[in-house]
Amino acid sequence: MFSLLSRALCAASSSPAAPRGRSLLAALLSPSASPLDPCRGPAAPEPPRRRAFHGSPSPLGFRSTPASWSSPEAGAAVGGDDGLEVARLGISPWIVERLAARGITRLFPIQRAVLDPAMQGKDMIGRARTGTGKTLAFGIPIMDRILRHNEKNGSGRNPLAIILAPTRELARQVEKEFKESAPLDSLCVYGGVPISHQMRALNYGVDVVVGTPGRIIDLLRRGVLNLSEIQFVVLDEADQMLAVGFDEDVEVIMENLPQNRQSMLFSATMPSWIRKITSKYLKDPIIIDLVGDEDQKLPEGISLYSIASEHYGKPSILGPLIKEHANGGKCIVFTQTKREADRLAYAMGRSYACQALHGDISQNQRERTLSGFRDGRFNILVATDVAARGLDIPNVDLVIHYELPNTSELFVHRSGRTARAGKKGSAILIYTNDQARAVRIIEQDIGCKFTELPKIEVADEASDMFNVVRDNRSRLAGSPRTGGSSFGRGGYGGFGEGRSRGFGDFDGFGSSPNRGGRSRDAGSRYGSGFGDFRRPSNAFGRSSSKQPDGFGFGDFGEGNFSRNGNRRSRSFDDSGSTRYSRRPNGFGTSDFGRSGGFDDSN
């Protein structure tokens, strides 16, 4: 039956006296018809999918929010707090509905302070403590204006708003906020992932672009990002963009933007470069300063503690601190280096569910790690300062500064991962005796006061976070098949003489000589880090190098846990020498008695 109909339609279409037959044929043979239809032949390739163009890039209209809506009395009407009801802002019902679905019905101080000038289209500079919800502060006005513009003119191909962020984590967080708060097409662009996917999304058309300056410059040079219709530009964490070297890229991007736009800049500090770009690219900006001359820049609900510890004893006091102050909730431990984060996460993983986060981890793995931490699949995140800014992880109960931050501002941003959005939290600073002066400087710079915690004795086995090995892998690795005591019973090798400190307590991460079996102390009274192995173990591959490979933090492949030429493995010591200092130093020592190899960047 189908073949007879097909032949009849083909004959009708070929007859010059049958225009109605051609019309019928055209209607039946739609683009969705089978490419094997005998009347059509092979299907033509589909053109690139693009959104409908709006008529012209006309400026977005603005309206003023009634001042009464942002008055203290309005917030006091419901709940008696300083909030502002989202439903009373007069913004798009789409935004109100989506924010309500996320549990956001009221705004915080910086949001209500920014709202009125943003709705009027004025340039502004926003300064506030970390964790106060800056993303919604500039996001609500932008989303509302673009939604109303698209309802009137249709969606265009080129973006109408661009937000610059210093890190990929912050960029992803901002773009996620837009995506969850309004039915707009948004795109996050950053390095470390294939650029082709981002180019395809731009060809399709987007409303909002969020990204790091470096990748945005790359897209501009390739000609796939058109900024000619931009009417909103936001610089988020502008001071951090200066710190990571994006200052020139930011100025190049600002030079390529239309003159008729609204510019908003948000920063915790105001260095000279910030003042330069505000005077050059912002028009009579309004300053929204919720910090002012106050020294305290930390969230209101944060409790600050400090605790003194010897360097080799730091790992052992983490367990008691987490148990007492995190109360089973989320905890972020900040380290100075990527290697240190890897080591600490690996060690803590024997007794706790934890993972590491730093710049050398692939983007896909970073996303999985952050997702798992947010969802509660593990509660301890060991991170470098890559996580100090921009990551909006809810319900972090405790922040531990395993090493002192380089600056007071970095301490603020690290600690600001807890006590966010009006909640309570704690931050603990671990310091050595020779760092006591640096702690006082932080107190003076920030205007805070630490509560000193009593010192925890490292030798207290009940307090050692590593004295219980819950992982079956440790018992398997401690069997003769995998090299004896290199992993076995007590952990990373036995420490023969004296009492092992740090990770090397007899019942902690180091086993006694009689129970360890295959490894001996390298000669120091205290175990250096995870243990020094005089007798080599070749369980995990061999290395032809005469330099000891230690753990290497690869995938336990060739070279890790290896036999080396001088029959001595320095475990986690990263210095260039095979000699050992007698000074205890946590994860390994160099000739100078200091931690070796911890000088990599974040």
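Cβ atoms are placed via backbone N, Cα and C, with glycine included.
The annotation ATP binding site is assigned in Swiss-Prot to Ala128, Arg129, Thr130, Gly131, Thr132, Gly133, Lys134, Thr135 on the grounds of sequence analysis. Within 10 Å of the C-beta of Lys134 (ATP binding site) there are 26 other C-beta atoms, taking all protein chains into account.
Annotation source Swiss-Prot lists compositional bias 'Low complexity' at 33-43.
According to Swiss-Prot, the feature domain 'Helicase ATP-binding' maps to 115-288.
Annotation source Swiss-Prot lists domain 'Helicase C-terminal' at 317-462, citing sequence analysis.
The region 'Disordered' feature in Swiss-Prot is assigned to 33-76 (among others).
The region 'Disordered' annotation in Swiss-Prot covers 503-602 (among others).
Within the model, the motif 'Q motif' (84-112) shows a mean pLDDT value of 88, rounded to a whole number. Taken from Swiss-Prot, the feature motif 'Q motif' covers 84-112.
Swiss-Prot lists 236-239 with the feature motif 'DEAD box'.
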Sort Thr135 (ATP binding site) into helix, strand or coil using the DSSP assignment.
helix
Summarise the motif 'DEAD box' (236-239) as counts of helix, strand and coil residues per DSSP.
2 helix, 0 strand, 2 coil
With DSSP as the reference, give the number of residues of the domain 'Helicase C-terminal' (317-462) in helix, strand and coil.
61 helix, 28 strand, 57 coil
